[in-house]
């Protein structure tokens, strides 16, 4: 059973994303937003098979998350979080999914349509929208304000469109003119009135973080019954980045210590301390207090201290660490950005 609301679209993701196999919708990509708990799996495996092109969806668990959303055995994966992956190395695609943390947006094509499209020499990337990501923007006000104004239908909550002043703080922060406001400082504005939104903006002080979407992107998610979240956002305009450190072990080791500690609300993290001057860790740009997010492209979410140490030692003489400094860490947690999905520079 499902309900249809003309404003919100279909609210059952599995039904809203199913294709009409008897009509002209055959061969069109299907989109699935999978959100799991930290102890759960997405409920499928991704295979690379001899004599079979593409990244193949296999072992769809009966009653699991992927099956409940509508993924089918034999589907081919085309896109991960808005990035086209059909041409990528299989291991790299698997890492992209793992790096998504607990939420991932997938675009797939059924196996028969995929094989037919390949046989015809079609460019599969052309079947997909050019950009389906909302944008996360961090704005610092100047003497004239944040550089945007908000409008919306009278008496309707949660529908806010932005007008952006040319060369103002909002435009410089990447807010597209005419975009729709989805979140303010990590909280949805869906239930806000215009007066409540104005008050929240005033309470933000000199800085504000907006999740915004163009009309085309907003319509894409709405028609498919998908919720737009910060974890799916284009973060290229943000001043906060995770850093990738590539290190080759020297005679004195890497030159840092890993310590487990609490970093708020009971969350346990792995932190980098005692960075030795002149050794590989410092040369790679490690700073004391950085928090470790991933080792060799794989998130350490859910791993304890000993498991993380073993992951670092898995390759004897070299390692790549994804780390984030305390200020950037605090920012991304404030906007509820999925851990292990931090953007890197």
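We number each residue from 1, going along the chain as drawn.
Even glycines carry a Cβ here, placed using N, Cα and C.
Over in TrEMBL, the protein carries these features:
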DOMAIN    31-112  domain 'PDZ'
DOMAIN    136-216  domain 'PDZ'
DOMAIN    244-327  domain 'PDZ'
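Secondary structure of the domain 'PDZ' (136-216) per DSSP (helix as H, G, I; strand as E, B; remaining residues coil): 16 helix, 29 strand, 36 coil. The domain 'PDZ' (31-112) scores a mean pLDDT of 91 in the predicted structure. Shown for the domain 'PDZ' (31-112): DSSP residue counts in helix, strand and coil, namely 16 helix, 25 strand, 41 coil.
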